[in-house]
Every structure is written in C-alpha cells, then in structure tokens.
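Database features, via TrEMBL:
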SIGNAL    1-23  signal peptide
DOMAIN    43-151  domain 'Cytochrome c'
BINDING   65, 68, 69, 85  heme c 1 binding site
DOMAIN    195-309  domain 'Cytochrome c'
BINDING   209, 212, 213, 284  heme c 2 binding site
Ligand code: HEC
Ligand code: HEC
C-alpha cells in the first residue's frame, strides 16, 4: 500500500533532513513536487529488490530487471532500443523505472494497468528474459533462502508468480526521486534554481509543454499523439496505443514520458532516435507545438530540465541466496 508523507506528524519525523524538506508546494504550478515513499512492509521491499537484481529469473542466467533498468544509470539501459535474451533487439526504448509508480499505466502504450501487472511481462518475454513462469518458479522454489523469505513476507513457502510480481512492484514503489532542485523551488526556495533555469521553465510552461508534461512526474498523466502539428518521422514500426485499442485515433499515441531525471535517461523517444536533450526539445517544439526555438531558448529549456533530477535511491547491492543442488541451471544459448 502506498503511504505518502503528507501529514504533519510524519513531516516532523524527517525534519532532521531539512526543515522544509517535505512541505507541500507553495507555488501553484502544473508540475508538483514528488513525495517520498515509505513502505509499510520493508521486508517485502527487500525481497522485491532481490528479485529485481535476480538474473536467475532469466533463461540465460545473466539478465535481470536491472540489466535494462540499471539503477546506477537512472533506471535505463541508455540504448536506443533494449537488447535481451540471445542478443535480440527489442522494438522500443526502455523507459526508466524511477518514478514509474506515478504514471497512469505502464509501458509506452499503457498495456499494463500497474507495476504488478507489468512485472509479469519481461520475465517470459522471449526478447527480454525468455523464462517461462513455471521454470522461474521452479528456480525460486528450489532455493531455501528464497522459500524462507517468501514465507516471512507472504506466509507461504510455495512461491507463486503473483507473489514474485507483488514483491517487485513494492520495491519499484520505493524508486521515487524527491528533492530535485526544481521541487525545492516549488516549495518556496527562490535560490534552488538559477535565473537562467527559471527562464527555461517559463518558456517550457508558456509555450505549452506542460499541457502534457505535468503532475509529480512531469509526464505519465496521459496518452498523447506523437506528432500533433507535424508528423514524427520514424523508421520504427511501433504504433503506440493503437495496438491495444485498435482505434484509429490512437495511432502513434504514447504515454507521455516522465521528464524527471531526464538528463540520465538518454536516448529519447519510444524509438530512442533522439540522442540529446537539445535534439528532443527541438523536435518536441516543432511537432507538438509548431514552435521553432532558437538555440538559446533550447539551451534554457534544457537547463531547466536538468533541475528535475532528484535524489536517486541509494541502494546496497542485495546478496542473493545461493542455488541448491536441485536448482535448474541457466541455458544461455537456448
Ligand atoms: C531486455 C531489457 C529489459 C528487461 C530485462 C526488463 N525490461 Fe522493463 N522494459 C524494457 C523495455 C524495452 C520497456 C518498454 C516496453 C514497452 O513499452 O513496450 C520496459 C518497460 C518497463 C516498465 C514500464 C515503465 C513505463 O514507464 O512504462 C517497467 C515498470 C519495467 N519495464 C520494469 C521491469 C521489471 C520489473 C523487469 C524485471 C522483471 C524488467 N522491466 C525487465 C526493457 C527491459
Ligand atoms: C501534446 C503533448 C505533448 C507536448 C505539448 C509536449 N510533449 Fe514532450 N512528449 C510527449 C510524448 C507523447 C512523448 C513521447 C513520444 C514518443 O516517444 O513517441 C514526449 C517526449 C518528450 C521527451 C523525451 C522523453 C523521453 O524520455 O524519451 C522530452 C525531452 C520532451 N517530450 C520534452 C518536451 C518539451 C520541452 C515540450 C515543449 C516544447 C514538450 N515535450 C511538449 C508529449 C508532449
């Protein structure tokens, strides 16, 4: 369950960090501060963290969630499109897992309603981890260390896929990045961002970027067409939400990505074809708003976007329980 630190009582508990740390925004803006997340079930979070880093959930034995959502690199793989089992290229760019709990749905086309539903996909997807759920469960159920931990968290040693995905989702809920300089500014600290960055925010807001990039994550609140004023040129065959709804109006409609930590999550767009923030801002201006920004305007917007980098989760690498003699072995070349 999600608990937000909004009550005063909890705010006092964290005052040691900073006296105004989790106050709510004093500025009324379309982007709102990220609230820290405190899980009511730390044991479930720790188990989910292990599973997130667990390469034995893949057929090859070397691919974990963290391979493509590298938490040392902003929760992405920084590739145009992901590479999974057998060195197979996926069709789309890996979105960050940071703050993904804040989005209305998961995946570029929103085909999973929430994080738990999402987590079931990559384990068995042949171009990702290529591991049938039955085999993944055979692996986990053969490892006494995992059985103990699942029993502690779920009250059963008989591990099911729902337990696996619930634990991963609970861990992912903790991957929020509060306390960005922009959030400090939203909360009233005038000096948290420079005049130049503020000018960038004004251009961003006044030209209409916030129509789509809004809310806590500066994105993730709606599905929008990629190419409103002008078509987006892409060689990618991906058609966005149309592939889910079959509705013509949804063709090339994608979940608006978060702009939190965007300086880390290059390359950009669902096809990963924009290498730099400058390029993606230029393209967005032209195809979504019909604006041709000057180099200086682009520079200012990019400076603003970099103020959206928050405190990334500081993680200790989990030590995974050893396999037993009965654990099915990986098959990297299958
Ligand atoms: C081979 C690389 C790869 C692996 C391994 C992988 N992912 Fe992903 N992940 C992706 C790609 C690519 C997408 C986007 C797919 C799409 O939208 O169609 C994605 C999407 C997601 C999303 C949705 C984010 C959003 O903003 O919509 C989440 C959450 C996520 N993955 C979590 C996980 C978890 C948990 C695991 C491990 C069980 C995992 N991923 C394993 C590449 C990977
Ligand atoms: C009509 C809605 C809309 C507007 C307006 C809009 N965007 Fe976007 N933005 C999107 C969508 C949708 C995507 C993802 C498109 C894709 O990858 O196919 C996106 C992607 C991006 C990305 C890439 C993020 C990533 O992780 O790949 C950046 C950066 C961005 N927008 C910045 C801006 C800026 C700056 C403006 C204003 C000039 C702007 N956007 C205006 C909808 C919008």
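Each residue, glycine too, has its Cβ placed from N, Cα and C.
Sequence features, as recorded in TrEMBL, placed on the structure.
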residue : record                : contacts (Cβ under 8 Å, 6+ apart)
65      : heme c 1 binding site : 51, 52, 53, 54, 57, 97, 119, 122, 168
68      : heme c 1 binding site : 76, 77, 82, 84, 94, 122, 128
69      : heme c 1 binding site : 52, 75, 76, 77, 94, 96, 97
85      : heme c 1 binding site : 58, 59, 60, 63, 126, 127, 128, 129, 130
209     : heme c 2 binding site : 284, 288, 289, 301
212     : heme c 2 binding site : 219, 222, 224, 256, 288
213     : heme c 2 binding site : 31, 204, 219, 256, 259
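When every Cα pair among 65, 68, 69, 85 is compared, the largest distance found for this heme c 1 site is 15 Å. Taking a Cβ cut-off of under 6 Å from any atom of ligand 1, the binding-site residues 68, 209, 213, 284 reduce to 68. Counted within 10 Å of its Cβ, the other Cβ atoms near residue 284 (heme c 2 binding site) come to 23, all protein chains included. With DSSP classes pooled into helix, strand and coil, the tally for the domain 'Cytochrome c' (43-151) is 50 helix, 6 strand, 53 coil.
Across the domain 'Cytochrome c' (195-309), the DSSP tally of helix, strand and coil residues reads 47 helix, 10 strand, 58 coil. Taken over all pairs of the listed heme c 2-binding residues (209, 212, 213, 284), the Cα spread reaches a maximum of 11 Å, rounded to the nearest whole number.
Excluding the listed site residues 209, 212, 213, 284, the same chain places 204, 208, 210, 211, 219, 256, 259, 288 with Cβ atoms within 8 Å of the centre of the heme c 2 site Cβ atoms. Selection of the binding-site residues 65, 68, 85, 209, 284 by a Cβ distance under 6 Å from ligand 2 yields, in sequence order, 209, 284.
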